[in-house]
Structure formats: structure tokens, C-alpha cells
């Protein structure tokens with residue numbers, strides 16, 4: 001999964017959420033929280049979402065990047081603007 005999703009790039013960390021756009025947008029009407037940057041337009045999801053965390057391993061370099069893949073669930077925080 002990680003290598004296919006990161007073709008053409010070799011970032012140290014990539015995180016991919018496995019939710020529909022509608023489900024992510026719905027978080028904007030859930031629990032309001034303070035953002036890490038101090039702003040007040042962040043919202044936390046009521047339930048956990050499925051995600052995949054991809055972390056570059058060792059000294060692998062582009063174009064042969066290698067990643068450790070971890071699948072998990074956690075609640076997310078999103079910054080919302082306007083109605084989204």
C-alpha cells in the first residue's frame with residue numbers, strides 16, 4: 001500500500017485516512033477543540049477512523065524507498081473553514 005501511494009516521492013512519513021470525504025466533512029459539526037497552532041477552528045471526530053501510517057525505513061532513498069506500514073484506528077482532528 002505505502003509504496004504504491006507514495007510513487008514519485010520519498011517522504012519520511014505519510015498518513016492516509018480511509019474515510020469518505022462526506023465522513024471527514026461531518027467532523028466539522030462534532031466536538032470543537034483548540035488547534036495545535038492556537039486557532040479555534042478545529043474539530044475532533046466522535047469515533048475512530050481507519051488509517052494507514054507509512055514510515056520510511058532505514059537509509060532507503062528515492063526511487064527505491066522502503067516503508068514500514070502500520071494500520072490502525074484513531075479519532076482525527078480537522079481544521080474547518082466556512083461550512084467545511
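Glycine too: its Cβ is placed from the backbone N, Cα and C atoms.
Among the features that Swiss-Prot reports, disulfide bond is placed at 10-65, 28-80, 35-42, with the record citing similarity to another entry. What Swiss-Prot lists as substrate binding site is 11, 12, 13, 14, 15, 36, 55.
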Out of the disulfide-bonded residues listed (10, 28, 42, 65), which are within 10 Å of residue 36 (substrate binding site), Cα to Cα? 42
Please compare the recorded positions 13, 28, 35, 65, 80 by how many other CB atoms fall within 10 Å of each one's CB, and tell me which has the fewest. 13
Which has the fewest other Cβ atoms within 10 Å: 14, 36, 42, 55, the recorded positions listed? 36
Among 11, 12, 42, 65, these being the recorded positions, pick the one whose CA is nearest to that of residue 80 (disulfide bond). 42
Provide, as an integer number of angstrom, the distance between the C-alpha atoms of residue 15 (substrate binding site) and residue 65 (disulfide bond). 16
Nearest by CA distance to residue 10 (disulfide bond): which of the recorded positions is it, out of 35, 42, 55? 55
What is the number of other Cβ atoms found within 10 Å of the Cβ of residue 12 (substrate binding site)? 9
Spatially speaking, which of the recorded positions 12, 28, 55, 65 is closest to residue 42 (disulfide bond)? Use C-alpha to C-alpha, please. 28
Near residue 65 (disulfide bond), meaning Cα within 10 Å, which of 14, 28, 35 (recorded positions)? none
Looking at Cβ-Cβ distances, which residues of the chain lie under 8 angstroms from residue 11 (substrate binding site) while being 6 or more apart from it? 56
Between the recorded positions 10, 15, where is the Cβ count within 10 Å the lowest? 15
Inter-residue C-alpha distance, residue 13 (substrate binding site) and residue 35 (disulfide bond) (nearest angstrom): 21
